[in-house]
Amino acid sequence: MPELPNAYKEQMRTLLGEADYRAFMRAYTKSPVRGLRTNTLKVSPSELKEMVPFHLKPVEWCPAGFYYSSKDSPGKHPYHDAGLYYIQEPSAMAVVEQLDPQPGERVLDLCAAPGGKSTQIAAKMGGQGWLISNEIHSQRVNVLTENLERCGVCNATVLNESPQRLASRFTAFFDRILVDAPCSGEGMFRKNPDAVNEWSPQHVLGCTRRQREILDAAIPMLRPGGRLVYSTCTFNTRENEEIVDYLLHTFPDLTLQKAQNHRHFTPGIARETRARTLNEHVARLWPHQLEGEGHFIAVFKKQGDADSPAKETGYPKAALSADLLEKWRTFERDTLTAPLSEKRRIVFGSHLYDIPPDLPDLRGIRVKRPGLYLGEFKKNRFEPSHALAMALTKQNARLVTFLSSKRIGDVAAYLRGETVTAKSSQKGWTLVTVDGFPLGWGKQVGTVVKNHLPKRLRRHVDSY
Ligand SMILES: C[S@@+](CC[C@H](N)C(=O)[O-])C[C@H]1O[C@@H](n2cnc3c(N)ncnc32)[C@H](O)[C@@H]1O
């Protein structure tokens, strides 16, 4: 790790006091802990624990979370390609537990890439309701999309917008909003040493300005009675307690809620005496006090109680021509055991999507995915997407190619993009699975399964 800046060390010494500061600095001599979170859209935590060859230990504040050992390589295992878990820093898992999203709600994740928290929100929503995952950076939004698709999320819209433009479209619209803000990253120095080089007092000030701008846009999008969680991965009081204070003064209809399960965490450290309640309500996660990196979480409720606004129907209803509908139906009949549940199916160019029933008009907004990407119409046929494969289960497909994680050769061949061999002779799209969990599509002729794993996802596997 690079040398910590003196100004940073001084700041931490003042903040913590001498004894605590020494314990805090000792944490930098230890390796960061590692975590993965079960994707409960696909498997339960106890099932996952039985299945994987890793050394797992539960994360106290997240029922789906586990620590794994430095000897394990979960990123290399095909269960990662199959979206059975998301590799996530254990402290970061606490944030969505506080947001507590429910099936059927409208949830906005405003700063979402690479998708750790969005995939956690989606798992808690269980495919019901509507998640908007937004990421302002055009490169990072691609990683976000890939992660949502790998995890089989079927009820998310992915946007690539500024918070301000979203605010101009969605007023008092969301039941829950997460602002996992860009920050100075002090809490991640141990895990992400690059953040050390970026750090300076000026950078911290720049972050606070941006955090206020993001929150100014976020609050009007929350419905009365709705919940907003603000989180950072920094220790800096300017980006944490002072931002909470700013919000409470600027938006009188916001009240601060006590973080749930507070016993696992530590209170805030604002200095003013009037900040006592604030300190008792927010949660700090310190690397010298728990097994995880640094985080800060504040939970707000907007006063009042109103349902989110009536459903809008921004998109035209009959968006599929008879010809395209027939191609889709043919695919569905030939490939799936039963038609997919009737959502709203719309076409953008030659691409077919399932969109939430109340998706408002998003014209003028940069949309990366309006909903679940089903696939593309080609000349005389419909070609299913990887996202669709990942959102299905083995029960949904007429043809399934079963690969076993115990036979690394077969799985490695599929992940490298090679053909694999099926047990019996068939013809058509086949869902290629590892231990019954989808990895992607194959197209079978006889016993030969041609590989349809997208090129960008192909990789070499020598061990796991
Ligand atoms: C802490 S990261 C989010 C991590 C993510 N929630 C997760 O769990 O994987 C903050 C994100 O905010 C984005 N961001 C940067 N500037 C922003 C702005 N002005 N408005 C909204 N988001 C911004 C960054 O690109 C970054 O992806």
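Cβ from N, Cα, C; glycine included.
Taken from TrEMBL, the feature domain 'SAM-dependent MTase RsmB/NOP-type' applies to 24-303. Positions annotated as S-adenosyl-L-methionine binding site by TrEMBL: CYS111, ALA112, ALA113, PRO114, GLY115, GLY116, LYS117, GLU135, ASP180. TrEMBL lists CYS233 with the feature active site, nucleophile.
Feature annotations (TrEMBL) mapped to structure.
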residue	record	contacts (Cβ under 8 Å, 6+ apart)
CYS111	S-adenosyl-L-methionine binding site	ASN134, GLU135, ILE136, LEU178, VAL179, ASP180, ALA181, PRO182, ILE214
ALA113	S-adenosyl-L-methionine binding site	GLU135, HIS137, ARG140, VAL141, VAL143, LEU144
GLY115	S-adenosyl-L-methionine binding site	TYR86, SER133, VAL143, LEU144, ASN147, LEU148, CYS151
LYS117	S-adenosyl-L-methionine binding site	ALA92, VAL95, VAL96, LEU99, ASP109, LEU178, ASP180
CYS233	active site, nucleophile	SER91, ALA92, CYS183, GLY185, GLU186, GLY187, MET188, GLU293, GLY294, HIS295, PHE296
>> Can you work out the mean pLDDT of the predicted model over the domain 'SAM-dependent MTase RsmB/NOP-type' (24-303)?
In response: 96
> Where does LYS117 (S-adenosyl-L-methionine binding site) sit by DSSP, helix, strand or coil?
Replying inline: helix
> Around the S-adenosyl-L-methionine site (CYS111, ALA112, ALA113, PRO114, GLY115, GLY116, LYS117, GLU135, ASP180), what further same-chain residues have their C-beta within 8 angstroms of the site's C-beta centre?
Replying inline: ASP109, SER118, SER133, ARG140, LEU144
> If H, G and I count as helix, E and B as strand, and all else as coil, what does DSSP give for ASP180 (S-adenosyl-L-methionine binding site)?
Replying inline: strand
>> Assuming the binding residues for S-adenosyl-L-methionine are exactly those in the record, CYS111, ALA112, ALA113, PRO114, GLY115, GLY116, LYS117, GLU135, ASP180, what is the maximum CA-CA distance in angstrom, rounded?
In response: 13
>> Using a 10 Å radius around its CB, how many other CB atoms surround ASP180 (S-adenosyl-L-methionine binding site)?
In response: 24
